[in-house]
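Annotated features, as they stand in TrEMBL:
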DOMAIN    3-98  domain 'Pyrroline-5-carboxylate reductase catalytic N-terminal'
BINDING   Ile7, Gly8, Thr9, Gly10, Asn11, Met12, Ala69, Val70, Lys71, Pro72  NADP(+) binding site
DOMAIN    161-265  domain 'Pyrroline-5-carboxylate reductase dimerisation'
Amino acid sequence: MFRVGIIGTGNMGEALIKGIIEKTDIKSTQIIAYDINKEKLDSIVDKYNIAGASDSKKVVKLSEYIILAVKPKDLKETLQPLKDLFNEDKVIISILAGVKIAKIKEILAKNIPVVRIMPNTPALIGEGTIGISFDDIIKDDKKLFITELFSIMGEVFIKDENYMDIITGLAGSGPAYVYIFIDALAQGGVKMGLSYEEALQMAIQTVIGSAKLLKETGLHPMVARDKVTSPAGTTIYGIATLEEEGFRNAVIKAVENATKRSKELSD
């Protein structure tokens, strides 16, 4: 019996395998994986010394926790052949964006433990924001195991499932907003005379350092802002420009609209 089974060894699936082996007590010999792309699977098996399955049925039969890391469009095709293999002793962990717990149970036509996970892309390097929604029938010991398991990918936030669309709009899409800000900050430096390469590194480090300062000090963002803002100084002129151009409201609206779209896609 394997502790963890993974169906789908794409970027997120591989990141999980790597993190589990490097950061938990689970050994590579306790992990089994399957991917429809045999070449990809063979590469992962060789790289991490895990077990490779010839089909997804073997993963479900031999695993206690089954992580679904396939594309959302492939969910039904993936689960249909596995319906008879699931029981209340197994836990499905879905990291499929926009797929509700009820949808998985509907496909399987049975009430088995399901967990919905929303990791964002920084989870690939262990710096993610991970939203977790637990099914009502999952036991506390299993909740603890899953929480600790996904903590290897970043900071975990346990929320009711009705919050998952908001987490998607904020944290799931959030890295894209940050990347745009970083590029814009760098382009501002270019406009004023820096090379793009140098300006980009400055912009990246500014964002990293600022975020780290907030996290380590617990300062409210506006308190931290005020600490670097002097009367009639350079920063207040820059801030005034951002406010005049609607920067803050644009970010708020981006989260709002991304949340609405997530709800549309999951309904």
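Each residue, glycine too, has its Cβ placed from N, Cα and C.
Per-residue pLDDT, averaged over the domain 'Pyrroline-5-carboxylate reductase dimerisation' (161-265), rounds to 97.
Sorting the domain 'Pyrroline-5-carboxylate reductase dimerisation' (161-265) by DSSP state (H, G, I as helix; E, B as strand; all else coil) yields 89 helix, 0 strand, 16 coil. Neighbour counts of Cβ atoms within 10 Å were taken for the binding-site residues Thr9, Asn11; the minimum is at Asn11.
When other Cβ atoms within 10 Å of the Cβ of Ala69 (NADP(+) binding site) are tallied across all protein chains shown, the result is 23. Summarising the NADP(+) site geometry, the residues cited as binding it (Ile7, Gly8, Thr9, Gly10, Asn11, Met12, Ala69, Val70, Lys71, Pro72) extend over a maximum Cα to Cα distance of 15 Å. DSSP gives Ala69 (NADP(+) binding site) a coil state; it is part of no helix or strand. According to DSSP, Thr9 (NADP(+) binding site) is assigned to coil rather than to any helix or strand. For the domain 'Pyrroline-5-carboxylate reductase catalytic N-terminal' (3-98), DSSP puts the residue distribution at 48 helix, 21 strand, 27 coil.
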